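The transmembrane segment annotation in Swiss-Prot covers 25-45, 69-90, 105-125, 170-190, 218-238, 280-300, 312-332, 339-358. The heme b b562 binding site annotation in Swiss-Prot covers H75, H174 and rests on similarity to another entry. The heme b b566 binding site feature in Swiss-Prot is assigned to H89, H188. Here Swiss-Prot flags H193 as ubiquinone binding site.
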Amino acid sequence: MSNQHILLMSNLLPVGSNISTWWNFGSMLLTCLILQIMTGFFLAIHYTANINLAFSSVIHITRDVPYGWIMQNLHAIGASLFFICIYIHIARGLYYGLYLNKEVWLSGTTLLIILMATAFFGYVLPWGQMSFWAATVITNLLTAIPYLGTTLTTWLWGGFSINDPTLTRFFALHFILPFTIISLSSIHIILLHNEGSNNPLGTNSDIDKIPFHPYHTYKDMLMIIIMTAILFLILSFSPNLLNDPENFSKANPLVTPQHIKPEWYFLFAYGILRSIPNKLGGTLALVMSVMILTTAPFTHTSHTRSMMFRPLSQIVFWTLIATFITITWTATKPVEPPFISISQTASIFYFSFFIMNPLLGWTENKIMMMND
């Protein structure tokens, strides 16, 4: 029996000795998911999915329910930390070429889409002013689909406008989708351990492995403790840091907010949507802003897996990160110059990464062959 099997038999998962802190975000995401399900359950006990009572029920949770304000704020801040962790997790995957493990990457992209849908449904539930108008604008994008659009929108709304049936089904979906996320996360982890984790060098780490426990369990615990500390610091000192002030007013279908925007973690996609002055084009760009991640495994051309030794690709990667932040920032601003042109330029840069990366991989291969 090989040493690897002996380690597995001893309940010690063999892991590459050189995986860095960037590999800790998976366990942090799992912690976030558990936190969201636990706090969400306690919130659901007291929440009322009715357009006349939803806003009041959220106020009731924060004011009257014992420790309700902690549950509500943990759930809201936890969602933001969840997305911070998942964006870092995806960026790590792009940088170190982890997308070459196709099954893991594609299951992860599916997880991201379901997570975004879950967060969107959750944002609508308090039935505040921004909740209502963000839901109206985003669901209305379905009407851009030729032939089927209007029928699909009416079906999703449960009527001819956003109303009580919409809120009820959004609550049902927001409750059930996290369980889908749990099952998909299990598949994601099983598929990962089918091949094993990669490492920063992008090389095979079979020759140099150490037991997962105690080395990586302590390393994971450190990052989880830091994340929990950040969560409780925000909760204690600035619980409304990541909330929209507009959402503290009850939804009013007769008054449109001056500037409609979703939560900060959707602003990159919303910024891309707004940068195109055409409804169908904008909707396609919005969908592609996430779906384009699925192309990464099929367009990789470099002989080197990781970007660690590819300076040209590193420049393009960090441009993508800067672009992501820029689009997020411009999406918080009104639709007026210079923000329109900044948003359009940033959107072009965002999509160009997925075109430039394979071209640079091919160029780097040529340079290496010349040096040989």
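Cβ from N, Cα, C; glycine included.
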Are the transmembrane segment (69-90) and the transmembrane segment (339-358) close enough to be called in contact, which here means at least 3 C-beta pairs under 8 A that are separated by 6 or more residues?
no
Quick one, of the binding-site residues H75, H89, H193, which Cβ has the fewest other Cβ within 10 Å?
H193
Which sequence positions outside the transmembrane segment (170-190), separated from its termini by at least 6 residues, show Cβ-Cβ distances below 8 Å to it?
26, 30, 33, 36-37, 40, 44, 47, 49, 104, 107-108, 110-111, 114-115, 117-118, 121-122, 124-125, 135
Would you mind listing the long-range same-chain contacts of the transmembrane segment (339-358), meaning Cβ under 8 Å and 6+ residues beyond its ends?
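Cβ under 8 Å, 6 or more out: 268, 271-272, 274-276, 285, 288-289, 292, 295-296, 299-301, 313, 316-317, 319-320, 323-324, 326-327, 330-331, 333.
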Compare the C-alpha of H193 (ubiquinone binding site) with the C-alpha of each of the binding-site residues H75, H89, H174, and give the closest one.
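Sorting the binding-site residues by distance from H193 (ubiquinone binding site), the top entry is H89.
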Please report how many Å separate the Cα atom of H188 (heme b b566 binding site) from that of H174 (heme b b562 binding site), as a whole number.
21
Expressed to the nearest Å, what is the distance separating H89 (heme b b566 binding site) and H75 (heme b b562 binding site) at their Cα atoms?
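Here the two Cα atoms are 21 Å apart.
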Within its own chain, what residues at least 6 apart in sequence put their Cβ under 8 Å from the Cβ of H174 (heme b b562 binding site), listed in sequence order?
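G40, T118, F121, G122, L125 - these are the non-local Cβ neighbours of H174 (heme b b562 binding site), listed in sequence order.
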